[in-house]
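Noted in Swiss-Prot for the protein shown:
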- 60-110: region 'Disordered' (REGION)
- 71-109: compositional bias 'Low complexity' (COMPBIAS)
- 381-416: domain 'EF-hand' (DOMAIN)
- Asp394, Asp396, Asn398, Glu405: Ca(2+) binding site (BINDING)
- 507-529: region 'Disordered' (REGION)
- 520-529: compositional bias 'Acidic residues' (COMPBIAS)
Amino acid sequence: MDIDGVDDDLHILDPELLQLPGLSPSPLKPTSLIADDLFSQWLSLPETATLVKSLIDDAKSGTPTNKSKNLPSVFLSSSTPPLSPRSSSGSPRFSRQRTSPPSLHSPLRSLKEPKRQLIPQFYYQHGRPPAKELKEQCLSMVDQVFSNYIDGLHVDEFKSITKQVCKLPSFLSPALFRKIDPNCTDIVTRDAFIKYWIDGNMLTMDTASQIYNILRQQGCSYLRQADFKPVLDELLATHPGLEFLRTISEFQERYAETVIYRIFYYINRSGTGCLTLRELRRGNLIAAMQQLDEEDDINKIIRYFSYEHFYVIYCKFWELDGDHDCFIDKDNLIKYGNNALTYRIVDRIFSQIPRKFTSKVEGKMSYEDFVYFILAEEDKSSEPSLEYWFKCVDLDGNGVITSNEMQFFFEEQLHRMECITQEAVLFSDILCQIIDMIGPEKENCITLQDLKGSKLSANVFNILFNLNKFMAFETRDPFLIRQEREDPNLTEWDRFAQREYARLSMEEDVDEVSNGSADVWDEPLEPPF
């Protein structure tokens, strides 16, 4: 094509010149071929040659190119290009097709970019704020309490806020007071309480989260044993069921320790000594704490807080601790339950396989270690107890109990039975009995999950290393069967504590009678301290 022979005047591009020849009835060309034909036809137009020559001259002379002026007028006359050429065959495909690019109002663009919807906030770093009605209701109760205390409340006056406004057990009052008053000014004002309880979104939390946040230390994501000490101190100072202990500080401290150890034994399933919010929610501690405000008889709250249960635990420890140095060794523990345990299982306990001792004295068990032991021994059906004894019997620590490991422990049981002229039982028979009771997934071994899935798991461990309980199981002790039927809701530990407290109380009464106390039978049974 001779560009130099073309007139320099810029002509208006006629859209009709871009029309393709009429289509034959033959099959339609592919879209790419149609585009090539259109482009070739455009290049052959005189106006195109003029435009190209003009752009080349501008480029050689260094003149800035004004693209909008150089474009043919057809591209400036409308914001959209013209329709594609009509086919002579009248094909509906060409009569309907548009080549315009997508615009803001294009339905294609609407499909690709849907309108943004406003999603309401669902995450709140410090908890969901209270609803307007709930907030107003709480403020009304706060105003009612603080109306008589314009300058604020002291700790002994704060209990009404804890119970009426916060709906929490009253013995949490000092802990809540100190949380709002970290600078120890000994007074909590209305504004300070509102800032902590309402503005801090404590109002909308569940009870477990509220108690967890009140008790935990700043910056900690768990509860320690020491965090429960203020709660127990207030309970001992105010609960009518513990009034008799208020003049005996030594046993107040022992009672508080025992309650805390029991809480961590059953609820702190990780065994780390760090109680998480999840563990607190999963346990039954909150229900027991709420019951304390409703029940004056502390012994009716058998979960954690029963004084009778503490009495049994402490007296058992005192009986074994011959030199009363507050430590127990192997020789002491082997006497537990009238020498019921085997030496092999006691060795495993003192090897600290099921749990590391808190005692700093080599070969000695502390009072806390004993609490864990006695709860495991007398409540073998509970999950913490099953985990405790499973670790003891799993000699190689591979997560399964094999027949060889069970035989290792039963050998000593068999020897003890022979020593007391008791009819011996073959281990093969015992093994079949255990398999029938547990129904493990694999018959050649027993897993922890197998034990947790059976109601007879406690009997397995009694067979292996507790002779007295094994014999009671074999003879089907009618007293134990009757006791289980009388109250099926009680745990093994509850029934044990009930029996032992009755026995210990009777022994105490006999001692008083032998010492010349004539009025002992006229007095109700109660602990000596």
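Even glycines carry a Cβ here, placed using N, Cα and C.
For the binding-site residues shown (Asp394, Asp396, Glu405), fewest C-beta neighbours within 10 angstroms: Asp396. Residue counts for the domain 'EF-hand' (381-416) by DSSP state, with H, G and I taken as helix and E and B as strand, are 25 helix, 3 strand, 8 coil. A 10 Å cutoff on Cβ-Cβ distances gives Asn398 (Ca(2+) binding site) a total of 10 other Cβ atoms nearby, all chains included. Those residues of the chain, other than Asp394, Asp396, Asn398, Glu405, with a C-beta within 8 angstroms of the mean position of the Ca(2+) site C-beta atoms are Val393, Leu395, Gly397, Gly399, Val400, Ile401, Thr402.
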